[in-house]
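Features of the protein shown, as given by TrEMBL:
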- GLU150: active site, proton donor (ACT_SITE)
- GLU307: active site, nucleophile (ACT_SITE)
- ARG111, ASN149, TRP315: substrate binding site (BINDING)
- CYS115, CYS158, CYS160: Zn(2+) binding site (BINDING)
- 14-384: domain 'Glycoside hydrolase family 42 N-terminal' (DOMAIN)
- 395-594: domain 'Beta-galactosidase trimerisation' (DOMAIN)
- 605-660: domain 'Beta-galactosidase C-terminal' (DOMAIN)
Amino acid sequence: MRSWQGDGIWFGADYNPEQWPESTWVEDVELMRRAGVDLVSVGIFSWALLEPAPGRFEFGWLDRSLDLLHAGGIGVDLATATASPPPWLAHRHPETLPRRADGAILWPGGRQAYCPSSPVFRERSLALVEAVATRYADHPAVVMWHVSNELGCHNVHCYCDVSAEAFRGWLRDRYGDLDALNDAWGTAFWSQRYHDWAEVVPPRTAPTFANPTQQLDFLRFSSDEQRAQLRAERAVLERLTRQPITTNFMIGTGIKYLDYHSWAADVDVVANDHYLTAADPQPQVNLALAADHTRGVAGGAPWLLMEHSTSAVNWQPRNVAKTPGQLRRNSLAHVARGADGVLFFQWRASRAGAEKFHSALVPHAGPETKVFREVCRLGADLKAIAEVRGSRVDADVAILFDYEAWWGAELDSHPSVDVTYTDRLAALHGALWRAGVTADVVHPSTDLSAYKLVLAPTLYLVRDADAAALRAYVEAGGTALVTYFSGIVDEHDHVRLGGYPGAFRELLGIRTEEFFPLRAGERVRLDDGATADVWTEWLHPEGAEVLAAYADGPLPGVPALTRHRVGAGAAWYAGTRLDDAATDRLVARLLAESGARPPVAAPTGVEVVRRRRDDRSWLFVVNHTDGEVRLPVTGTELLGGASCDGGLVVPPGEVAVVREEVRCSPSNGRAPSWT
Ligand code: GAL
């Protein structure tokens, strides 16, 4: 791994100088210096300018831009520029265009119009990487390499004949022979048995439901094909350069089809893009989930926020501007949760193109604006907290997340379309957020031993080893919660027999004989006063104690919430979709039982997260409420907006970062013990 950290928290943006006359570049650097920017991502969409015709490279403008940035003391995260092929590629090689499941071609004119399995695209893109890396490997401005951009954002699934051939190759590697594939895909069903590899195709638009395992394998293949591009570009960069290599992931914004837990091994720093959903009244909660998941993908190490927005985006139906102070709260909340860099899309708002109404650090109205003033303030803030760089976030709780479980859970022909994978993830994480407790969102294969509480929402598909690890965790004294539609299938999407939730039946001490999904809008009551919707199931306790049962609905008297003592720990099960208040109560009970707790108790809406390095620790307090908050914290406040004299006072909408005075040392590796 190449080291990527600088002296403090990186601060910057995507910078697209090619959209502007060179006279503007001078002002750009001057304003960057004023704002404290020290890292910009350059060249992301520059292929068509850098290589105007096959094999003919024009680097002059990029040379001048990098020289200017370097003279201004600004580091460059240089793109390989392969994110979007130039029009000449599709013109000369129409076979590089991607096809949808129904056969429709995705034409050039937007971006990312290439088939991820195209050998022509691979060859041309690597030739570009080679040329860029050769030219700039020793340029003093370059501090990092940025492979492509959001790989698979628009072209993750291609169903063309080239992709079909690549899919067959991937399946041969996975299964070896057709008998194994036929077993895994369950092709005895519906006359689907394959006798020749040439008969196997991607799950193109079919008369009815395509084979679920065929679909699942195609999703795995598609993620792997995108990852292969990352690895191929990385191999070129590793050969020619020495700076750290990354690419921007899209964790936490609903992007489903890229298995980032497996990709993390291919980058020197996990970098993420996160955008708020304007329609979400509490977007800071989803932001926290995205950051906690990014940290989980990074194995707990610091990561880089490669993109977010200073204000509105342009690609949602209604693009809501950020309120004063929101930019700062958002950025510092990411840092609180482990980011050691805060970058945005983009430096200067474009005049032309599909993103001209996307916010930037320098808006159309120029630097005399609320946005640019807030940018400058944030730049100063990040300098003031440079010392937190390299520290790690304390978390007592793990939430298990597996992209394959997501893909499997949301395949078609299931008991209810209302069961979605991220629903319980967001509900449980939201309850923890309201309780002020930090969680790592991690892959089920992660070592769980240091966590006090583990939550497994909708872990529909689970491998034997991961189910066994959760059991071992509970036996050793851990507390776990599993929610409905978990443990149902193995990695081939074959049902685990003998009663649901197959893989977790013994751990949970229950056996479900039949699912009873609810009708749209139907609600049931539980005998503890909770309500629930979407899902019920006919569950029999087999060793578990019943904590709540249905009071009405299709299964009156049947258990809905159970708890099973296993070894030194306990495994809880929620067999229905509890309302938010009941979810909060359930999480409060789990916290009490497990001993997981917030770093400092604070009112709901005040985000408190601790970062720690060696024997030093910092407390981040983000006050999302309208009221002043007082917390029993002493130390040195680094941002200067809050007082910390005999307790910390944080005004409404403000952020505080406190270097804690009482030195704490890790006791069990996570929970602080005060000395
Ligand atoms: C990202 C992308 C950027 C820009 C941004 C707008 O998905 O990487 O290039 O399009 O969104 O929000």
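For all residues, glycine too, the Cβ spot is worked out from N, Cα and C.
A TrEMBL annotation is a machine prediction, not a hand-curated record.
Taking the features listed in TrEMBL, we show where each one sits on the structure.
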{"residue": "ARG111", "record": "substrate binding site", "Cβ contacts under 8 Å, 6 or more apart": "PHE45, ALA83, SER84, HIS154"}
{"residue": "CYS115", "record": "Zn(2+) binding site", "Cβ contacts under 8 Å, 6 or more apart": "GLU95, THR96, LEU97, PRO98, ARG99, PHE121, ASN155, CYS158, CYS160, VAL162, SER163"}
{"residue": "ASN149", "record": "substrate binding site", "Cβ contacts under 8 Å, 6 or more apart": "ILE44, PHE45, ALA79, ALA83, SER84, THR247, ASN248"}
{"residue": "GLU150", "record": "active site, proton donor", "Cβ contacts under 8 Å, 6 or more apart": "ALA83, ASN248, PHE249, MET250, ASP273"}
{"residue": "GLU307", "record": "active site, nucleophile", "Cβ contacts under 8 Å, 6 or more apart": "ASP14, ASN248, ASP273, HIS274, TYR275, LEU343, PHE344, PHE345"}
{"residue": "TRP315", "record": "substrate binding site", "Cβ contacts under 8 Å, 6 or more apart": "HIS358"}
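Of all the Cβ atoms in the protein chains shown, 24 others lie within 10 Å of the Cβ of CYS158 (Zn(2+) binding site). Residue counts for the domain 'Beta-galactosidase C-terminal' (605-660) under DSSP, helix first, then strand, then coil, are 0 helix, 32 strand, 24 coil. GLU150 (active site, proton donor) falls outside any helix or strand according to DSSP and counts as coil.
Apart from CYS115, CYS158, CYS160, the residues listed for Zn(2+), the same chain places the Cβ atoms of LEU97, PRO98, ARG99, TYR114, PRO116, SER117, SER118, ASN155, TYR159, VAL162, SER163 within 8 Å of the centroid of those Cβ atoms.
Less than 6 Å separates the Cβ from ligand 1 in the case of ASN149, GLU150, drawn from the recorded positions ARG111, CYS115, ASN149, GLU150 in sequence order. Neighbour density for CYS160 (Zn(2+) binding site): within 10 A of its CB lie 22 other CB atoms from the protein chains shown. Highlighted in sequence order, ALA83, SER84, GLY110, GLN112, GLU150, CYS153, HIS154, GLU355 have their Cβ within 8 Å of the centre of the Cβ atoms of ARG111, ASN149, TRP315, the residues recorded for substrate, and are not part of that set. Residues listed for substrate, ARG111, ASN149, TRP315, cover a largest CA to CA span of 17 Å.
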